[in-house]
Amino acid sequence: MTVPLIDPFQRPISYLRVSVTDRCDFRCVYCMSENMTFLPKKELLTLEELDRMCSTFVRLGVEKLRITGGEPLVRREIMTFFRSMTRHLESGALKELTLTTNGSQLERFADDLYAAGVRRVNISLDTLDEEKFADITRWGRLPQVLRGIDAAQKAGLRVKINTVALKGFNEDELVTLTEWCASRDMDLTWIEVMPMGDIGNEDRLGQYWKLDDLRQSYAQQYTLSDLPENTGGPARYVRLEETGQKIGFITPLTHNFCESCNRVRLTCTGELFMCLGQEDNADLRGALRNHPGNDAPLEEAIRGAIRLKPKGHDFDYSRQSVDGRVSRHMSHTGG
Ligand code: SAM
Ligand code: SF4
């Protein structure tokens, strides 16, 4: 029997997030600079290598795969990869195959994703105002994303909206966004902006909207009940009695969530990051490419990496400077 992946702090690793590309059709101001240099194609894991990599993790006990990026749906032939993961859902080894997307390509792919076994998607959307949307994403257009959301729901996918909480930008849309999500039976999760990557001149402390403050704003408008749910990640949830909807708060900076962390992240070049907030990583691509047809070295490299998973991250805004800053972009590790 395969020994499951357990890290040095006795946390079982059952969740893998995979970035399948560093490219994107948007340039969100908190995520990328306008002129990004992307990786040459040969650096990327091929779709076959992604399959081998993910299948190995599944064999070692990973039950949930989240595909992300960059924008996962701009990777060429990405549906081939999704379809290749269907066999793990059918065997029961994989419990969930899901993705995080900006929604721009969903009109094209929602039905195929459902057919491949995807049942839920997280769609990132920070504003319902067309002009503000174009400002924050630089290259994105709101109507295209709204059509993508329609297509996803029509295909039968459950949609959760992820919104980055940005001071002075979408503070005034708290109720609008909440009611819009409620009217479409979508949950909503707010994410605190994290200090990742060089993104030009943006002032991160200026962007930082503490989710404790946001929670208080909710409490002024709605009756909140805390939900005990713990997904092993940084999200905490409340239910709004008035709308019945679930609101999530991802607060990696305000609260430490590391004690129950069950996840690791694979980049599109095959580096495994054991913690979103640390630079430590392990190269799995070598173990994969140098041993075609033999997964034993890859399994050993994965086990070795998990043994190095740190206890937690060091992001800290409390001293009014951005400490614990990580130089890579979110699009590299996958959000
Ligand atoms: N392109 C897809 C999307 O936007 O959903 C997937 C990748 S994106 C990097 C994943 C998530 O990370 C998005 O919800 C995005 O808003 C979030 N994100 C990107 N940069 C961030 C940052 N610096 N702080 C907090 N969240 C960030
Ligand atoms: Fe692209 Fe997502 Fe980053 Fe926006 S947040 S630039 S959509 S990867």
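Cβ from N, Cα, C; glycine included.
What TrEMBL says about this protein:
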BINDING   ARG17, ARG66, THR100, LYS160, ARG263, VAL264, ARG265  GTP binding site
BINDING   CYS24, CYS28, CYS31  [4Fe-4S] cluster 1 binding site
BINDING   TYR30, GLY70, SER124, MET194  S-adenosyl-L-methionine binding site
BINDING   CYS258, CYS261, CYS275  [4Fe-4S] cluster 2 binding site
DOMAIN    8-228  domain 'Radical SAM core'
REGION    314-335  region 'Disordered'
Item checked: Integer mean pLDDT for the domain 'Radical SAM core' (8-228) -> 93
Margin query: Taking the Cα of THR100 (GTP binding site) as the centre, which of the binding-site residues listed as CYS24, CYS31, SER124, MET194, CYS258, CYS261 lie within 10 Å of it?
Written below: SER124
Note to self: Among all protein chains shown, how many Cβ atoms are found within 10 Å of the Cβ of GLY70 (S-adenosyl-L-methionine binding site), not counting that one?
What the structure shows: 29
Note to self: Given the binding-site residues TYR30, CYS31, LYS160, MET194, CYS261, CYS275, return the subset with CB under 6 A from an atom of ligand 2, ordered by sequence, or none if empty.
What the structure shows: CYS31
Check: Under a three-state reduction of DSSP output, how is TYR30 (S-adenosyl-L-methionine binding site) classified: helix, strand, or coil?
Finding: coil
Notebook entry, point to check: Across all chains shown, how many C-beta atoms besides its own are within 10 angstroms of the C-beta of CYS261 ([4Fe-4S] cluster 2 binding site)?
Noted result: 23
Check: Listed binding-site residues are CYS24, CYS258, CYS275; which of them have CA atoms within 10 A of the CA of ARG265 (GTP binding site)?
Finding: CYS275
Checklist line | Contacting binding-site residues, sequence order - THR100, LYS160, MET194, CYS261 vs ligand 1, Cβ under 6 Å | finding: THR100, MET194
Item checked: Assigned conformation of CYS261 ([4Fe-4S] cluster 2 binding site) - DSSP reduced to three states -> coil
Next item on the list: Looking at S-adenosyl-L-methionine and its recorded binding residues TYR30, GLY70, SER124, MET194, figure out the farthest C-alpha pair and report it in angstrom, whole number.
Entry: 16
Next item on the list: Within 10 Å of each Cβ, count the other Cβ atoms, then let me know which of the binding-site residues CYS31, CYS258, VAL264 comes out lowest.
Entry: CYS258
Check: Among the binding-site residues CYS24, TYR30, GLY70, SER124, MET194, whose Cα is within 10 A of the Cα of ARG263 (GTP binding site)?
Finding: none
